[in-house]
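The signal peptide annotation in TrEMBL covers 1-34. The annotation domain 'Purple acid phosphatase N-terminal' is assigned in TrEMBL to 80-167. The feature domain 'Calcineurin-like phosphoesterase' is assigned by TrEMBL to 176-365. Residues annotated as domain 'Purple acid phosphatase C-terminal' in TrEMBL: 381-437.
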Amino acid sequence: MEERAGARRRPPMAVPPLLLFLLLLSSFSSCAAAASGATVGEDYVRPPAAARRCGLHHRKALLSLFPWSKKKDSSSASDPQQVHISLAGEKHMRVTFVTDDNSVPSVVDYGTEAGTYTSTSQGESTSYSYLMYSSGKIHHIVIGPLNDNTVYYYRCGGHGPEFQFKTPPSQFPLSLAVVGDLGQTSWTTSTLNHIKQCEHDMLLLPGDLSYADYMQHLWDSFGTLVEPLASTRPWMVTEGNHEKERIPFFKSGFQSYNARWKMPYEESESTSNLYYSFEVAGVHAIMLGSYTDYDESSDQYAWLKADLAKVDRKRTPWLIVLLHAPWYNSNWAHQGEGDSMMAAMEPLLYAAHVDMVIAGHVHAYERAERVYKGGLDPCGAVHITIGDGGNREGLAHRYRNPKPAWSVFREASFGHGELKIVNATHAHWTWHRNDDEEPVRTDDVWITSLAGSGCIQDGSHEYRKILMSP
């Protein structure tokens, strides 16, 4: 049954009492573990004040799970909500927003001066129903061509408030904020505030965005939460397990995620929004899907192979990959969950001389040396796990001992990363612990691109053999 034009969304369905009880129990169990005095990571122990506030943080987070806890209505049903931007091919940006009014056109007006819009682009819209929930009208509009490193002012739907964003630079230096497993807790808010303080050109998120977990109104509250940042810099994301939301025989997976967070998969010749690639400045970035087929007979494997074969390391000397389930993980949490994907795809990444692989999923931080097939290898990728954005499930405190030779730094704290790519050969990676209200730089390392090493020359034959084969 079609909704009439201008109709407001129906209220979200009631959450079953048993489900609420289980969520409460899970949350407070995590809180109790955090407050028990167990060492966080290997050396760091969070101050007692944070533990005392743990219950308060979790209670605040849980308020949003109740159906009677709704976000404040916008001043008008036609006003844009949940605005975020993402790259959409060379010199183009995709603007996404939601309206309650179905009659609002999918248009974006934009220009380089506040209040003066010299260009207009039209796009597409979609919506979806999930059990008793009906989404608003979700708009996707690609704008451009745009100038590099330039501030643009824009409005969505032909009226409403003005937003602004800055396009990334076309050459180094390039600054990337990195965060995973974000969620919607007080820790999330603190992490986002810390990211806001750092100068960055783009944000990368390797899965687990809203932690809606079937409760669709939490996708709306997440869009509102991240709008202040996601409307000003492009957010490039890939899916995690919490984006699945599959109900056997009723709902296929990733319906909400695909409708709300459209990434440039078509622009990168992928057939799925669950994996794609993009280029920015001198970086070729590949976003892989841990929760879609990835074996050698899969579409994703064929696409990855073709995408890697097209990479020009003279034009993009840095090659990085993001996915959700980590391949190198010395935490007891989610042990082995990335092994089958690693067995299928690691040889491709090694043949292409990928510089870094960034993952989430494990709610802790870990950085590995360059590694391949489980051992140290100077031509392998640096692996980083950063699933510690602030999710409601708490931290993964237990690490395996003895520590593997490839594991350099590991700590169970919330936080975010910053990757500053200085030039074609050197990048500076830092991880910032979310220590109460202060971002504390805790891990700090310089990384050298494999494009400037002897690995590419030494492995050129293997590269051609693996990536160019049928």
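Quick reminder: no glycine exception, Cβ is built from N, Cα and C everywhere.
Because the structure is a prediction, the values reported are computed rather than measured.
Per-residue pLDDT, averaged along the domain 'Purple acid phosphatase C-terminal' (381-437), amounts to 95 for this model.
The domain 'Purple acid phosphatase C-terminal' (381-437): residue composition by secondary structure is 0 helix, 29 strand, 28 coil, according to DSSP.
DSSP places the residues of the domain 'Purple acid phosphatase N-terminal' (80-167) in helix, strand and coil in these numbers: 0 helix, 49 strand, 39 coil.
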